[in-house]
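J.: Take this structure, written in structure tokens, and hold onto it; I'll ask about it next.
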Amino acid sequence: MANLEDMSREQLIAELVAARRQIADLREDPSAERAPALDPQDARSVLENLLEHLPDYLYFKDRERRFVLASQRFCQLFDCQLADIIGKTDEELFPPEVAARSVADDIRVIETGEALIGQIEGSANTGWVLTSKLPWRDAAGEVIGLFGLSRDINELKTAQDKLRDSERSLSVAQSIASLGHWKLDLGTQRVRVSDELARLLAPLEFDSEIDLEVFKALLASSPTSDHLDAAVEDKSPWSDQFQIRGVGGELRNFRTAGQAIIDDSGGVNSVIGVVQDITVQVRAAEQRRALEAQLQRAQQLESLGVLASGIAHDFNNLLVAMYGNMDLAMLDLDEDSEVIEYISEAKAAARQAAELVDQMLTYAGQGKASSEQVNLNQLVRDMTSLLESSTTKKTQLRMNLCPEPWSIRCDSSQLRQIILNLVTNAGEAIGADAGTVLVETELTHHDRASLTALRPSQPLKPGPYMVLTISDTGPGMDELTQTRAFDPFFTTKPTGSGLGLSAVHGIVIGRGGAVLLDSELGRGTRVRCLFPAGSPMEDAAPDTDDDAVWRGSGTILVIDDEDAVRSLAIRALERLGFRVLSANNGAVGVELFAAHRAQLNCVLLDLKMPVMDGEETFAALHRLDPTIPVILCSGFVEHESTRAMTRAGLAGFLQKPYTIEALGQTLHEVLG
């Protein structure tokens, strides 16, 4: 056979046709009947048509890797004529990076005589082709070169890239949404499982493709299996929820949904389903419901606060009349009158009622806790009657008070609230059965070691402590109840707000103390309140009323809508030496002020009134004559009631309920 480079194009085609015919002959069974041989001219025509019209890139190279023949499509690819490439190598025709990829494959095919089938070549810049290269053999079977066929796969590559990008986006989206999917092929009874689903349902172990029965077994705790069978049978979609334990043992919530895929004939050939982790959403919904319940309780408490505020206001007006009239009665009695003792006891009861009103205002958010040195022993003794009335007749109230009490710094009203709440709880724990409630006080000294042993809820400073202990012989509490005993709104009683022990804990902690709870089922409960002790003090002596009442002169205008309060104020002021004008609302008060301001020395003004309230009335009076002093009277704390009015020139404040002594003292301070 002549050298390939010396042949014309027609000779090369003839040789190719002859070579292919010889190879075919060798592969056929010599004894078999042979098909008619293709005429050389026809074979040449076929090859020429292929080279001219084949949409793929066809080329031939000799052993030195020089081009000897190429299709028209191949020449168009490189924008050249066949004559431009015949006898040239890749290195001579193409850039080094392009030639290098082809040279290595060519050498391999020529030297090994083995074909390379279906190799993807190219890049995003140069384009992509799918190439196969086969050895070109002569009649003797010797490799004399190679021929290659390349197909443009840019559209396929683009489609693959888009598919890959779409799958990547789907995977990311599923990860963000905590959503996995699966698909059942009814023909193979195999289920394909997405990576995200396998991750979501860990520690359950899923392969990417598993048998249907294995899939059902893994999800046995979910309703998926039942829904899947129903979908195949009646072609209905489904949506449901289930729970499984996560890797850490935590309970996780999932939503599952799916439906059958129906083919053109109306049958079901597959079922597809999704599983989404909705643990975060479920917990958020639970938190939202808890917040809604908390908001509802807060609204209820706000309503109770408004109610308490209104009751406290009205009750304070009643107490003003009670206080004042008892003061007036005592002023008219001889010092040795037996009636004075009765009135003193009534005043003490009224004082306790006033302190309860203060607690109601504090509950309503309109009170103000004071800080004073309090004798705990004396406070307990003063509350004896009230404490006895807070328990049943079958409950015995006992007291064991320390002989040398030290003072504690606290608000006496809040301390009464603590004692009353704890004794009431103890009595309710005993219930209708016979039992004992013991109230004890004790002075203790603690160093860091002993305080640590007590295990308080917050650190305490070493030093002396007054300890208030309330214990009962009731049924006691279990451990769960003890852990929640001081939680707001927690109660084991069928009625009640659950604020008693919570309020106790808050007050004691706020005073730098601690609350310790000891309880055991069947052995009762003991609550200890530790208060930092101040200094030794003796039990307070009984209250005595001072007969020395300040007296003045002049004219005072009383503006108050409550008849009892206004009447008492008139009599008290007259007793103190004043002439009195009165008005039952702000509008009438302003008219009287305008008519008599030349004679007026002072104005006593109520805060809460119809028509014109205290603030509006004060502003009107101040516009008429800012030099006449105005004293505001209210059951609300001074800071809340007088904040703006003080800046405008308010002369003084008198807290309801007030005594004649307090009224005189305030007038003395204002008028001199």
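Cβ coordinates are placed from backbone N, Cα and C, and glycine is handled just like the others.
Positions annotated as domain 'PAS' by TrEMBL: 43-97. The domain 'PAC' feature in TrEMBL is assigned to 111-165, 238-290. The feature domain 'Histidine kinase' is assigned by TrEMBL to 310-535. Feature annotation from TrEMBL assigns domain 'Response regulatory' to 555-671. Look at TrEMBL and you will find D606 tagged as 4-aspartylphosphate.
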J.: Which residues in the same chain, at least 6 apart in sequence, have a Cβ under 8 Å from the Cβ of D606 (4-aspartylphosphate)?
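T.: The answer is I559, D560, D561, E562, V565, G614, C633, S634.
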J.: Which residue counts does DSSP give the domain 'PAS' (43-97) for helix, strand and coil?
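T.: Tallied per class, the domain 'PAS' (43-97) gives 27 helix, 10 strand, 18 coil.
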J.: From the DSSP assignment alone, can you count helix, strand and coil residues within the domain 'PAC' (238-290)?
T.: 12 helix, 30 strand, 11 coil
